[in-house]
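Enquirer: Below are the structure tokens for one structure; questions will follow.
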Amino acid sequence: GYGHTVPLSDGGKAFCIIYSVIGIPFTLLFLTAVVQRIIVYITRRPVLYFHIRWGFSKQVVAIIHAMVLGFITVSCFFLIPAAIFSVLEDNWNFLESFYFCFISLSTIGLGDYVPGEGYNQKFRELYKIGITCYLLMGLIAMLVVLETFCELHELKKFRKLFYVKKDKEEDQVHIMEHDQLSFSSISDQAASMKDDQKANEPFVNSQSPTSNDSSLNN
């Protein structure tokens, strides 16, 4: 939210709270679902193709692909839009336009620069719709790039440095408890098998003499 348009009445503020509580999680779920499907075709399959087809190292291909994807994203969603905004907006230079793109796509949204607010803006409604589409596509592109860099092997190793490590003594205690449980279960099974054999032994012994007598009579 840039902050240049805000609800003033109590009903509008209450509706804004309810709408935000429902809308923000659904927006995050939508972006996550879209990114997870896009990254398969943009990141994983190209890296796997170059790795299998040309025999390059998968880590090297992943690094080069991430850098190329980052450069394309910066060019298409920061540099080129900043140049366009600097032309369409009367009081914006290239730095201010680039600043707006970064503040918007990084989800900071300060609201000190908002495009399409001039009274003499031509095709203002169409311009606003185009900005909305740009922001939505830019957020998806940023998430795809971040997910691509997070899948790099070097960054995975770096992230493991911040993971909470379990103590070896606790792991050994869990292993010993697991072994004791498994041993007790095996001993219980063996005891139950012995009880079943003892229960069946009288019937076997009682039948053996009769069978011997019948064989002698024959």
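Every residue gets a Cβ built from N, Cα and C, even glycine.
According to TrEMBL, the domain 'Potassium channel' annotation covers 1-38, 74-150. According to TrEMBL, the transmembrane segment annotation covers 17-39, 60-85, 97-114, 126-146. Per TrEMBL, region 'Disordered' is recorded for 188-218. Annotation comment: TrEMBL describes 203-218 as compositional bias 'Polar residues'.
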Enquirer: May I have the DSSP-based helix, strand and coil counts for the residues of the domain 'Potassium channel' (1-38)?
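Expert: Reading the DSSP string over the domain 'Potassium channel' (1-38) gives 29 helix, 0 strand, 9 coil.
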Enquirer: Restricting attention to the domain 'Potassium channel' (1-38), give the mean pLDDT.
Expert: 93
